[in-house]
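Visitor: So TrEMBL lists these for the protein:
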| type | residues | note |
| --- | --- | --- |
| REGION | 15-43 | region 'Disordered' |
| COMPBIAS | 24-43 | compositional bias 'Low complexity' |
| ACT_SITE | Cys144 | active site |
| ACT_SITE | His437 | active site |
| ACT_SITE | Asn459 | active site |
Amino acid sequence: MGCVSSKHINLTDNASISRKRLSKPNLPSYKSSSSSIISSGNNNNPPAYYSDMKLGLNTKSNPILTEPEGINHRKAVLRDDKVRALSEGFNADPKNLMVQNAAHSLDFSKLITNRDVLVDDNHVFNTKIPSEAVVTNQKSSGRCWIFAALNVFRLEVIKKYNLDEFELSQGYLFFWDKFEKSNWFLECMIDLCDRDVNDRVVQHLLKEPISDGGQWDMLINLIERYGVVPKSIYPESFSSSNSGKLNQLVLSKLRDHAVALRRMAAQGHSLEELRQKKDRALKEIYTIMAITLGEPPKKPFTWAFRNKDKKFYEFKDLTPQAYFKEHVGYPVKDTVSIINDPRNRYFSLYTVQYLGNIAGGRPIRYVNAPIEDLKELAIKKLQQGNPVWFGADVGKYLHRDAGILDPKLFQYDLAFNISFNMTKAERLIHGESLMTHAMVFTGVHLDEDGKPVRWRVENSWGNVGGDKGYLTMSDAWFTEFVYQVVLEKDIVPQKFLDVLQQEVHVLPAFDPMGALA
């Protein structure tokens, strides 16, 4: 799943090969559901649950499970008298009729927007980074994780050269990420070719062979291999800003090649022959991407510009790797990704099966911690004047025009007489929430006791809405819907860094922690 684009956000929704498996340290083998995926730990932090695992259902005392006819039983049918009773009850309440009339002609979210929240969640903060930049726009693409990271990196360049407006090329990393993910997917198909096509992991990967979204460790892989370039060197194309048709073409072609690889494996072709087929497939993928996005720079480039003081700069013979090292300089390898997954044991190390982008690259690693630790570390970094990359479920309780994220934003109880009672862990377990979007913290408002009240967020949906595209997030929203922050190791306490030396726990490919921002 990719991140939410600026155009598609829902504003109110909360044979030989079979005997010789490939051995890839960065494609971890998944323990079957009959074994424990997560090592036992603190009982206050229960393990993750999946639909094909035992959930503790007592079939002897459950009439639904013991009833031979199941949902076709007469007691399961919605009878006419039940429906009539529901209608009579609805019409007996005049408030229902009034709200029905209003909602017939209006977006019902406007009827239930909490005015007090719009007033309280203002765009004023007592702690902010020294300088911010104009909000970028990912448009109709799911590249938020790239935008958010480059929004952090560009501040280093802006400060160093006293620039007014500046962007690094999001399209450049997008090209290489999509090409590398294509190789990754085909390698996964080779690795899994002895499994039935209806295997849950195989089907999960086939559902979306690649997406625009990604994770922080994937970004590190891209930076280490390909570097970065200014946007002026590799500008946007139509298909980078509007990736839907490109994705449809690439996904269809990758599935086509997956079928061919599985067929070859079933016919007894060797691993070498499968890889030769993969190389031919990648030639097609490269051609598609080069035509739609443009080839990335192959020769050293010149970067020339004037800063705010009209001073002229010119740097020649730059490679993307040299550009990142010499002009950006962000310590991307010296960072740690900290998540809040209340289903699983805290201060343990996690990864997700078959999640990655560059074969042979850095594996995905998460340090799981309580949400208050994520807040404390984010505040610490902001107080040092530095922005914070984070991942969250942006579609929940969002007012796009006002630029507000707050779980009290919509008063569903007033209109519908309903409330939502799931915990964060329960939302993850039951498919109600996962990480969908990456953004950047640039400020926080602290009360007299130093506790966070609201957070300032740099988004990548353009400068419309909120404070010229910046959002305000209530601290309660942070608690419920922020899942990940990334920090430099030098500001993270040793207890977090020690976790990186632990044995990693492998979550299955379909786990919500494998969602791509």
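Glycine too: its Cβ is placed from the backbone N, Cα and C atoms.
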Visitor: Secondary structure at Asn459 (active site) (DSSP, helix/strand/coil)?
Guide: coil
Visitor: Specify the secondary structure state of Cys144 (active site) as given by DSSP, simplified to three classes.
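Guide: Assignment for Cys144 (active site) reads helix.
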Visitor: How many whole Å apart are the CA atoms of His437 (active site) and Cys144 (active site)?
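Guide: About 6 Å separate the Cα atoms of these two residues.
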Visitor: What is the interatomic distance between the Cα atoms of Cys144 (active site) and Asn459 (active site), given in whole Å?
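Guide: Here the two Cα atoms lie 8 Å apart.
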Visitor: Least buried of the active-site residues His437, Asn459, going by other Cβ atoms within 10 Å?
Guide: Asn459
Visitor: Take the Cβ of Cys144 (active site) and count every other Cβ within 10 Å, whichever protein chain it belongs to.
Guide: 31
